[in-house]
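Here is the structure we will look at, set down as structure tokens.
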Amino acid sequence: MAATATKTIDFAAERALAKDFLANFAGPRGEPKYLNILQDVANRKIRAVQIELDDLFHYKDADDEFLQRVTENTKRYIGIFADAIDELMPESTEAYAVDEDRDILMTQRVDEGADGGADGTDPLQRMPPEIRRFFEVYIKAFSKVTPLTIRQVKASNIGQLVKISGIVTRCSDVKPLMQVAVYTCEECGFEIYQEVTARVFMPLFECPSQRCKLNKAKGNLILQLRASKFLKFQEVKLQELAEHVPKGHIPRSLTVHLRGELTRKVAPGDVVEMSGIFLPMPYYGFRAMRAGLVADTYLESMSITHFKKKYEEYELKGDEQEQIDRLAEDGDIYNKLARSLAPEIFGHEDVKKALLLLLVGAPHRKLTDGMKIRGDLHICLMGDPGVAKSQLLKHIINVAPRGVYTTGRGSSGVGLTAAVQKDPVTNEFVLEGGALVLADMGICAIDEFDKMEESDRTAIHEVMEQQTVSIAKAGITTSLNARTAVLAAANPAWGRYDMRRTPAENINLPPALLSRFDLLWLILDRADMETDLEMARHVVHVHQNLESPALGFTPLEPPVLRAYISTARRVVPSVPRELEEYIATAYSSIRQEEAKSNAPHSYTTIRTLLSILRISIALARLRFSETVAQSDVDEALRLMQMSKYSLYSDDRQRSGLDAISDIYSILRDEAARTNSMDVRYAHALNLISRKGYSEAQLKECLEEYASLNVWQIHPNTFDIHFIDA
């Protein structure tokens, strides 16, 4: 037993096994996988050689013990694989850009080594293999292993290859990290090499070569920075995901070191899965005196996998492309996509359509003089408690590739924009992005928006229109990108909407902020026998079966939604000239209606016109169309009208108008406005849809007033002709 426990490992045999694996492992098509990678390295096409444990597992000559040793002593085996690659490295077969300085230095070193200089018997003068290498070796963990949370990584994992999931909260700048320090002696002229394996090292000052010792000369060493080897280095903070934090606990974070080709792969706000070596890091300086035997820990990253890719990075697989092509041919795709959002939440079809358009967005516009017009949609859901506002927010954050969820009461102005902190690596002041900066090119969901302090809420004004965060703190004056779509949820001023008060009193948000929202959706909880009964049945079904009732089609899964939206976002539709007058007329009519109203329901500004354009373009994107159609504009106007439907329906009840009478008034006013006795059916349907009425109500109105000889209906087209009485 004791002999087995103290079994020594023959690292020469391990190197031979690693070399055999690299030389003989075949890919899925029978090609030499790693030899092809080494050829690309020799041709200077790539620098990183990633060895996958999945390949080692399937290799016939590698046993379980070898796999276990690689997993438990990964740092040592990276060196073993690097030595094996040195022996297998082929000659270059293609011309590549030459680094003249590096090649001249290496040629000179080889010549000096042949003369007994750099490769002499003195170990400090022996050229380390690291300085010759122009590649980096990474070992990737098993793909099917469930990632650990930061809380689950224990002291027993020290030195092992682990896989951890989390969200990136901070990234340092990329700095050069010395890997091999090269010195030149003033007396003997020899090059002295010093390998650096830690973050700090003690430079050499006195030449230790044999020649200086024989001559009894204390040669002074000069550090040659140009001849030394540096590696890109970046420090990242990885924090536990919200769902992994036990109730009442603070999220834990872990320092991650990225080197070489892994730098600049992540940004704050990314949800990632990292595999790497869990290592201790002893304190140094005065902190070491206080810490004693205690050491800090960090993860030396070996591979990075993004949980949700950005839309522009999304690459469709073969089956996904076919599925999207089938969906695009579906005439009812707009409704199906919308109903696939949070299917367990009853109703809110139009709200879900608006949230779908928020995910799609419109392209950003940049004018010739540099002025930018945002393309992201901003939506505010305001309504009574218990109408599933927060659940909708959380579902959208789950579907979006990049999203940050926060609450108004728990967010400060600094927490939303940016804070100035001291970088522990360089002791410099650095900016740490807040929620809006973390959600750059994504969605920032702010719950309890009405409960934010006014001073904190003003920080959002610039983000919502200019899409930047301007900072002037601690000597740092800069502007950060915050190209985010804001999705806010708020309650009315008195908890519930009070119909006795004006909309402005109930909404209780400043006009400067309201005008920045493309859609302010009022969701009021009104008693209705049929609706309440359907909702109760739906909730009971979800509670018992843990899934939504049948929708008549299979709801699309979030990955499919992301794939469809990513394809739609690549389309850049334009507004044709023939629609310009139509949109302008629609906007002016909204302004006229608001001017006539005693208690206006919204603040209509020129931003409203831009909102109509953005929503129309988003609808065209969903159809993969290069041009905006009139139906897109009509749907955009309908959504804007339906967002206040609860208020309009109440106004109609107070004024004593039923749906039939109101539809007749709308059609009569349209005929008077156009000075025509005829109204086309399609145009009439668009008009009443904007006011929140259905096609069934329009047909009922047409039949009733046709029987009264007010108008005549065409038997085939249903066009309306007023009878001149």
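Cβ atoms here come from the backbone N, Cα and C positions, even for glycine.
Per Swiss-Prot, ATP binding site is recorded for G383, D384, P385, G386, V387, A388, K389, S390, and the stated evidence type is similarity to another entry. Look at Swiss-Prot and you will find 333-538 tagged as domain 'MCM'. Per Swiss-Prot, motif 'Arginine finger' is recorded for 515-518.
Feature annotations (Swiss-Prot) mapped to structure.
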{"residue": "G383", "record": "ATP binding site", "Cβ contacts under 8 Å, 6 or more apart": "K389, N491, P492, Y497, W521, L522, I523, L524, D525"}
{"residue": "D384", "record": "ATP binding site", "Cβ contacts under 8 Å, 6 or more apart": "N491, P492, R496, Y497, I523, L524, D525"}
{"residue": "P385", "record": "ATP binding site", "Cβ contacts under 8 Å, 6 or more apart": "N491, G495, R496, D525"}
{"residue": "G386", "record": "ATP binding site", "Cβ contacts under 8 Å, 6 or more apart": "D525"}
{"residue": "V387", "record": "ATP binding site", "Cβ contacts under 8 Å, 6 or more apart": "H348, I523, L524, D525"}
{"residue": "A388", "record": "ATP binding site", "Cβ contacts under 8 Å, 6 or more apart": "A342, I345, H348"}
{"residue": "S390", "record": "ATP binding site", "Cβ contacts under 8 Å, 6 or more apart": "D447, A489"}
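Neighbour density for K389 (ATP binding site): within 10 A of its CB lie 25 other CB atoms from the protein chains shown.
Listed in chain order, the extra residues whose Cβ falls within 8 Å of the Cβ center of the ATP site residues G383, D384, P385, G386, V387, A388, K389, S390 are A489, N491, I523, D525. In this structure, P385 (ATP binding site) belongs to neither helix nor strand by DSSP; it is coil. Summarised by DSSP class, the composition of the motif 'Arginine finger' (515-518) is 0 helix, 0 strand, 4 coil.
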